[in-house]
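One structure is given here, and the rest of the page talks about it.
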């Protein structure tokens with residue numbers, strides 16, 4: 001089994017196990033404010049790290065290229081409160097234009 | 001089941017379609033990062049949690065191991081467990097229904113359910129099920145479309161897909177940045193992951209940022 005299959009199946013199994021466990025533990029178990037706080041912060045940390053790594057790295061090297069322009073446009077779109085598809089598409093179009101013509 | 005409140009129905013449907021459409025971005029991202037169309041579809045059917053799905057394809061696409069991909073996706077999936085804790089006493093279902101409820105316990109179904117609180121518990125349950133099934137339907141439908149579309153593209157950079165994926169991540173994290181502490185954490189984690197990239201094996205710089213989040217959350 002290659003890494004992609006392993007990742008597909010492993011992620012799916014654990015994702016369901018986490019959801020199902022939640023439905024089977026008493027509510028007071030997670031009532032602690034620190035648990036709530038950590039729960040809110042983990043997605044922020046992981047997603048921000050993913051954005052940075054996807055834009056500024058190639059293999060294990062740091063790199064600045066056409067993707068920076070895509071990120072800049074996405075950031076502006078989010079500041080302007082534009083809908084999600086506009087954010088993604090405007091970012092892709094900018095990035096593709098620079099990649100193809102510069 | 002009692003009559004479905006029209007407001008609840010409208011809320012559920014609009015969330016389902018809008019969020020489901022992001023499935024296009026996921027299907028495309030999965031294929032762009034080396035997953036097959038079948039694997040992309042299985043992730044949407046079985047994992048069914050956007051952030052986790054984007055994370056696992058992002059980590060493997062960056063050259064990370066299956067284990068780093070699974071770990072990152074699972075850390076992001078912990079919050080679904082927390083939603084289950086909140087929803088279970090309100091849904092009051094057992095056996096097979098509980099299994100189905102668990103699978104559709106995600107950000108959106110929980111958010112819509114909690115949004116119906118003023119209309120009573122029955123409206124909350126309707127909101128949960130309608131949104132859960134609605135997102136499931138559209139998310140999977142659009143995943144197929146995105147995956148097939150990306151497969152037909154060839155060089156994904158020429159189509160900007162290598163920027164569309166981080167743009168989608170940014171779109172997911174943006175609404176979560178409510179306070180200055182959140183924003184600072186986001187910047188610190190981004191910089192930390194980049195600084196560690198030349199040093200650590202791919203995937204680990206991302207997972208490591210979870211510990212920064214835990215440290216910040218437990219402080220005080």
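Cβ coordinates are placed from backbone N, Cα and C, and glycine is handled just like the others.
What TrEMBL says about a protein is an automatic prediction, not a curated fact.
On a predicted model such as this, the values are computed, not experimentally measured, just so you know.
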Of B:105-127, B:128-150, the range TrEMBL tags as transmembrane segment is B:128-150
Choose the correct range: of B:151-184, B:185-218, which one does TrEMBL annotate as transmembrane segment? Give that range.
-> B:185-218
